[in-house]
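Q: According to Swiss-Prot, the protein has these features:
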MOD_RES   B:Lys3  N6,N6-dimethyllysine
MOD_RES   B:Ser273  phosphoserine
MOD_RES   B:Ser276  phosphoserine
MOD_RES   B:Thr279  phosphothreonine
TOPO_DOM  B:1-38  topological domain 'Cytoplasmic'
TOPO_DOM  B:60-69  topological domain 'Extracellular'
TOPO_DOM  B:91-118  topological domain 'Cytoplasmic'
TOPO_DOM  B:140-160  topological domain 'Extracellular'
TOPO_DOM  B:182-192  topological domain 'Cytoplasmic'
TOPO_DOM  B:214-242  topological domain 'Extracellular'
TOPO_DOM  B:264-280  topological domain 'Cytoplasmic'
TRANSMEM  B:39-59  transmembrane segment
TRANSMEM  B:70-90  transmembrane segment
TRANSMEM  B:119-139  transmembrane segment
TRANSMEM  B:161-181  transmembrane segment
TRANSMEM  B:193-213  transmembrane segment
TRANSMEM  B:243-263  transmembrane segment
Amino acid sequence: MEGKEEDVRVGANKFPERQPIGTSAQTDKDYKEPPPAPFFEPGELSSWSFYRAGIAEFIATFLFLYITVLTVMGVKRAPNMCASVGIQGIAWAFGGMIFALVYCTAGISGGHINPAVTFGLFLARKLSLTRAVFYIVMQCLGAICGAGVVKGFQPNPYQTLGGGANTVAHGYTKGSGLGAEIIGTFVLVYTVFSATDAKRSARDSHVPILAPLPIGFAVFLVHLATIPITGTGINPARSLGAAIIYNKDHAWDDHWIFWVGPFIGAALAALYHQLVIRAIPFKSRS
Amino acid sequence: MSKEVSEEGKTHHGKDYVDPPPAPLLDMGELKSWSFYRALIAEFIATLLFLYVTVATVIGHKKQTGPCDGVGLLGIAWAFGGMIFVLVYCTAGISGGHINPAVTFGLFLARKVSLVRALGYMIAQCLGAICGVGFVKAFMKTPYNTLGGGANTVADGYSKGTALGAEIIGTFVLVYTVFSATDPKRSARDSHIPVLAPLPIGFAVFMVHLATIPITGTGINPARSFGAAVIYNNEKAWDDQWIFWVGPFLGALAAAAYHQYILRASAIKALGSFRSNATN
C-alpha cells in the first residue's frame, strides 16, 4: 500500500514530475495535455489502486449486464410488446445504466465498462497496455457473471428466448451489422473523448459537470438506432458475456462482428479526436 | 473562433460580462486558419452521425411488424433530441455545435458568425446529412426504400400552410433556446461556469419533435430534410422540400430578432437612451 493515495483518474496527475509534451506551446493555456501513458508500467502491479480499478470495472460491468440483460428478458417474456417496457425501455436500460455506472466509477477506474472504450483510450495513450489488458479481462469476467446471474434467475426462458445475445437480425447482411457496430461505437467513444478532454475541462473552469450524462445518452441513442439490426453490441464484453452464457451456434457465428466492429469504431474515434479535433501530434512538434 | 477584445479605456458600467463584438461580414482571414477547417470537419461529422442515428431509428421503428414492436414515436423524438444534446456537447468547443443550417443562419443574423463561416458550415452540414442517410440506406436498403426513407413530407390531413407554420414555430423554439443557452449575460449570472448548455437545446429539439412528428415528421433542420430527400429521391419529398427551408429560416430569423432586439435590446442600447437604469 502506497504512502499516498494515488489518483488513478485516467491520465490525471499521474506524472507530476514529468514535463508535459510541447510545454512551450502551452504556456498561455490554463490546461495541460497529460503526457502519453507509458506502454508498460510494471509499477502499477504493486499498487492497490490498480486492482481496485479492475475490481470496479468488474462490478460495474456485472451490474450493467445484470440490469440490461434482465430487461431484455423481461421484454422477450411478455405476451406482447405493449405489455413490456418495449424496445425503447431496453435502450433506456443500456444508456441509463452506463450513465449511472460511469458516474460512480469515473473517479476510480475512469469508468470504461466497455473494452472498446478502453481500447480507444489506450490508442490515445491515456492508459498503459498493462492496465488496458487488465481492464478488458475484468470487464469480460464481469459481463459473464452478470449474464450468468440472469440465467440463474430463469434458466429455461433464458435459453429459449435468445439469452439477450447479439446476432445479426433477419433481413440484414453481416456487412450491415459490422457497419452499424463501427459507427455506433464511433459515436460512443467520440463522446467519451469529448467528455474527458483536458481542453474542455479548462473551458468548464475545471468544474466537472455531469460528463457521464452525454456518454449515457450516446449509448441510449445508438441502441435506439441499431437494436433492430444487431440488438446493439458496441460493447464487446456485453456481447461476449451473453454469448458465453447462451452458448448457441448462431450467437457464436456472428460474434466476430461484435469485436471487430467496436474496435474499428474505437480506433476511428481515437484518430478523429486526437488528429483532427486536437491535432496533438502536430502541436508537440511546434 | 473568438475575437480578442481590448478593454483599455473601456468602462464596464458595473457589468461583469462583455458582449463579443459583431463578427465581420466577410472575414477572409478565416480561410487560412486550420481551426476553420477543423470546425467544418466537425460540423460534417456531427451532422453525419446525427442523420445516421436518427434516420436509422426512424426506419427501424417503421419496420415493426406489430404494435409496440418499434421504439415508438417517443423513441424517435428522443433520438433526435438526444443526438443533438450529445453532438452539441461534443462539438460546442470546436465549431459552436450548430449541426443545423437554421441555427447557423440565426447566429449569422445575430452577427455571431461571419458570412464565410456561415456558408461553409451550411455546406458541410448538408454534405454530412447526405452521407449520414447514405449510410442508413447502405445498411438497410430494402426497408429504407419501402418505408419512406425517413424523408420529411406533409402528412395527410394537413395543409402546406399548416406545415410551414409548424416548421416556423418549431425552429423558433430551437434557435431561441440556442440563443438563451449561449447568452454571455446568462454566463455571467451562472458565474461563468457552463452548466450543460447542450441539454436544454437537446430537450428543445425533443419537445418540438413530440409536437410536430405527426404533421411533417419534423424538419426544423434543413440539412436533415435535404439529406433524406436526396437519398430517398422521391417526388413527394421534393415537392414539399421548400417548406423545410423557408420555415426553419423564417423561424431562425424571428428568434434572432426576438432575442437581439427585444430581450437584449441591442438596438435601443446603441441609442444610449431608454434605459431602466444606468447600469442595465
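Glycine is no exception: its Cβ is also placed from the backbone N, Cα and C atoms.
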Q: What stretch, picked from B:39-59, B:70-90, B:119-139, B:161-181, B:243-263, has the most CB pairs under 8 A with the transmembrane segment (B:193-213)?
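A: By Cβ pairs under 8 Å, B:70-90 leads among B:39-59, B:70-90, B:119-139, B:161-181, B:243-263.
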Q: Which residues of the same chain, at least 6 past either end of the topological domain 'Extracellular' (B:214-242), have a Cβ under 8 Å from a Cβ in it?
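A: Distal contacts: 47, 50-51, 54-55, 58, 73, 80, 99-102, 122, 125-126, 128-134, 136-137, 144-145, 148-155, 158, 160, 162-163, 166-167, 170-171, 174, 205, 208, 248-249, 251.
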Q: Under a criterion of three or more Cβ pairs within a distance under 8 Å and sequence separation of at least 6, are the transmembrane segment (B:70-90) and the transmembrane segment (B:39-59) in contact?
A: yes
Q: Counting by DSSP secondary structure, give me helix, strand and coil numbers for the topological domain 'Cytoplasmic' (B:182-192).
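A: Going by DSSP assignments, the topological domain 'Cytoplasmic' (B:182-192) contains 6 helix, 0 strand, 5 coil.
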Q: Express the predicted model's confidence over the topological domain 'Cytoplasmic' (B:264-280) as a mean pLDDT, rounded to an integer.
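A: That region's mean pLDDT is 62.
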Q: Near the topological domain 'Extracellular' (B:140-160), which same-chain residues lie under 8 Å Cβ to Cβ, leaving out any that are not at least 6 residues past its ends?
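A: Long-range Cβ neighbours of the topological domain 'Extracellular' (B:140-160): 54-56, 58-60, 62-63, 133, 214-219, 224-225, 228-229, 231-232, 234, 236-237, 239-240, 243-244.
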Q: Report, as numbers and ranges, which residues of the same chain sit near the topological domain 'Extracellular' (B:60-69): CB under 8 Å and 6 or more residues beyond its ends.
A: 75-76, 140, 143, 147-148
Q: By a Cβ-Cβ criterion of under 8 Å, what residues six or more beyond either terminus of the topological domain 'Cytoplasmic' (B:91-118) are in contact with it?
A: 1, 20, 22-28, 30-31, 36, 38-40, 42-43, 46-47, 50, 84, 125-126, 171, 174-175, 178-179, 182, 197-198, 220-224, 248-249, 251-253, 255-257, 259-260
Q: What are the DSSP helix/strand/coil residue counts across the topological domain 'Extracellular' (B:140-160)?
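A: Each residue of the topological domain 'Extracellular' (B:140-160) counted once, the result is 10 helix, 0 strand, 11 coil.
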